[in-house]
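Report on one structure; see the data block that follows.
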Amino acid sequence: MLLSSIALDLPLPRLFDYAVPEHLAAQLRRGMRVRVPFGRRQTSGIVVRAPFEAGADAGEHRLIEALIDDSPLLPAELLSLCEWAADYYHHPLGEVLAAALPGSLKREGSAESGEPLWQLSEAGRAALAGLPERQRALRAALQTLAEQPRRGKAWAPAAQRQTLLERGWARCELAPAAPAPYLAPLPLPELTEEQSQALAALQENGEHFHVSLLDGVTGSGKTELYLRRIAQALAAGRQALLLVPEIGLTPQLQTQLAQRFGEGVASFHSGLSAREREKTWLAARAGSVAVVVGTRSAVFVPFARLGLIVVDEEHDTSFKQQDGFRYSARDLAVVRAQRAQLPVILGSATPALESLHNARAGRYRHIRLTRRVQTQAPPQIRVLDVRGQQLQHGLSEPLLLAIDRCLEKGEQALLFINRRGYAPLLLCHACGWRAPCTHCDAQLTVHRTRGRLICHHCGWQQSLPRECPSCGGSELISVGQGTERIEQALANRYPRHRVERLDSDRLSQRSELDALLADIRARRIDILVGTQILAKGHDFPSLSLVGIVSADQALYGADFRAIERMGQMLTQVAGRAGRSGQAGEVWLQTHEPEHPLLRTLIDKGYHALSDELLLERQAACLPPYSHLALLRAEAQDAQTPLRFLTQAREHCLGFAGVQVMEPIPSGMERRAGYWRAQLLLQAAQRSELHRALAAAVPQIAELPGARRLRWSVDVDPADLF
DNA sequence: AGCACGCCGACT
DNA sequence: GTCGGCGTGCTC
């Protein structure tokens, strides 16, 4: 009896073997979707192991009911990447595959795209001689195929094609679309000397696997180098994948891509409809789209002839999926490139410490761009010691005066504060009551324009109270600053100038963002207030002043990556200043002007900071000098997660080189009504950590309590909360 | 995850 | 007497 292993979209760490009906045996191949009975229902799955002879001990097997695809929906390269990822992240393969498929193709759904290519098999050639004269139609079909492979369906009637497949006399593959000829639009922007050298370095290993860390200050022209390398891939008849942190926020990049590659560019991100995503996915697979630009999940888009992967802003944490299947798209991009033997470029002005460490270790080629294309001087960060200073809504007098001067010169100013809303806390002056979220260990944020109190952790909201719910007092004060408050304060101070706010609250609609960015470029906006959204790759041509309202939050951050993040964010925001001709000034308000790491960043820059942080990490045995995995658990009461993790811990113990900490409540223990806890595993060698997880995770899944709570494995966690 | 089976509390 | 709560077990 022939069996085939099928991956089903279930949270179970195993495959299911089904019996293969005779008439399907010849056609069934890895990567095809099949319909199978499962329990008392029907579901669909993906063939992971092609038909194999059942061993003597084979138990009972139900029959595969039908094929959904004529040819494998998942190309071999992608399927094996998913298998690798399931293994590495210790996540069920069926769920990994579900994450890799666009929603509409997860179940049934026809995947007709491009032309099928039919070829005669060895068995078919052999059968040709022995086929009786009477079966004229079948003979004719076989004869046609024997002459040459055929595209499409017109070469034989459906019945005969079906028979050929069933008997294994023919195979049907997706025929790769012919590459569209790539014509470089002229003239291309001229490269600086430094850019030319970097481009030469990027080309050095040709089209084979190598990782280039393109480490270039903001404005040094990394994007142009991506475009050149992509153009080279296209000219060689290949396709390219460009991963970006958040696509909706980078319309400029989209425009540049469209200008350079025209219709050959397609995007892939959550802002698109299921239909649009499916279209891009299938077009890339068929080879009929040249460049795919997409967010995290685009790392799973199949390609007929992938030739290059670029990860822009590789340090960005949005490449890490934060729930369910917790993969890192940046890391998977490198693995994918390695397995497919392609070059990959990781680009950033502020590379992750992991990437810098890989570059130092010689695993990545480190290519640096230190000069800006348009201005000579990088912006100088000036520290504003605000201790004891009179602050107006968090803004100090010197900063306000700097804004005055900036506006007088007719230039634009940008105020950065990494907090949405009006104020992070509502406090009763009479009794000290603070507005809490009833579902989280957090305060509600005041949103004055909407007249609401909103929890930024679970989304819960209520209307803004007029009196204190605790004592009835009427003096409720907003403590601290958010973007709304800064916006309002500046609008009041500068009534004749236009002040706008840019944060995720304002970005409900894409058209709004476009209009806002257009207004900024046309200098219709004088002051822009916003969160880290501002740091992400926008060019503001006449921006001469950047004010960072406070850097202090990050300095007290509990996570071991807090300072690294702060350095990245401040460097990225500061990089917005002075992009065309003017030098630009950056002011940073802080209560900790002497903080040594803040000093390093300001006086010597991000790379000096990262050098120091790497030393600290080495001394503390933290990543990238060790490897972490976090077991997370949450339940509706406080004890269940800790109890579960205590049991889970037993299964993690006893592996050489792996340290298993005690389970502890998470940084914010209660969130969205759930009590959360975590268990940290640490190992000097990745292989040791992997060995422990491979043994422990299936056992943990079998724990009696495992079904009464939510739990997950987080390999290479982005944060320890 | 579904979807069953199975054994204890308040209802027509 | 039964409707239905969710604990436990299984799915090739």
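Note that Cβ sites are derived from N, Cα and C of the backbone, with glycine treated the same way.
Caution: TrEMBL annotation is automatic and unverified by curators.
Copied from TrEMBL, the annotated features are:
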type: BINDING; residues: A:Cys428, A:Cys431, A:Cys468, A:Cys471; note: Zn(2+) 1 binding site
type: BINDING; residues: A:Cys437, A:Cys440, A:Cys455, A:Cys458; note: Zn(2+) 2 binding site
type: DOMAIN; residues: A:203-369; note: domain 'Helicase ATP-binding'
type: DOMAIN; residues: A:463-621; note: domain 'Helicase C-terminal'
All-chain count of other Cβ atoms within 10 Å of A:Cys440 (Zn(2+) 2 binding site): 21
Within the predicted model, mean pLDDT of the domain 'Helicase ATP-binding' (A:203-369): 94
Distance, A:Cys455 (Zn(2+) 2 binding site) to A:Cys468 (Zn(2+) 1 binding site) (CA atoms, angstrom): 18
Integer Å distance between the CA atoms belonging to A:Cys437 (Zn(2+) 2 binding site) and A:Cys471 (Zn(2+) 1 binding site): 18
Entry from the binding-site residues list A:Cys428, A:Cys431, A:Cys437, A:Cys468, A:Cys471 having the most other CB atoms no farther than 10 A: A:Cys437
Non-site residues, in chain order, whose CB comes within 8 A of the mean position of the CB atoms of A:Cys437, A:Cys440, A:Cys455, A:Cys458 at Zn(2+) 2: A:Thr438, A:His439, A:Ala442, A:Leu444, A:His456, A:His457, A:Gly459, A:Trp460, A:Arg671, A:Ala672
Densest Cβ neighbourhood among A:Cys455, A:Cys458 (binding-site residues), 10 Å radius: A:Cys455
Whole-number Å value for how far A:Cys428 (Zn(2+) 1 binding site) lies from A:Cys440 (Zn(2+) 2 binding site) (Cα to Cα): 20
Cα distance (Å, whole number) from A:Cys428 (Zn(2+) 1 binding site) to A:Cys437 (Zn(2+) 2 binding site): 15
Env. residues of Zn(2+) 1 site, Cβ within 8 Å of mean position of A:Cys428, A:Cys431, A:Cys468, A:Cys471 Cβ: A:His429, A:Ala430, A:Gly432, A:Trp433, A:Pro469, A:Ser470, A:Gly472, A:Gly473, A:Leu476
Whole-number Å value for how far A:Cys455 (Zn(2+) 2 binding site) lies from A:Cys431 (Zn(2+) 1 binding site) (Cα to Cα): 22
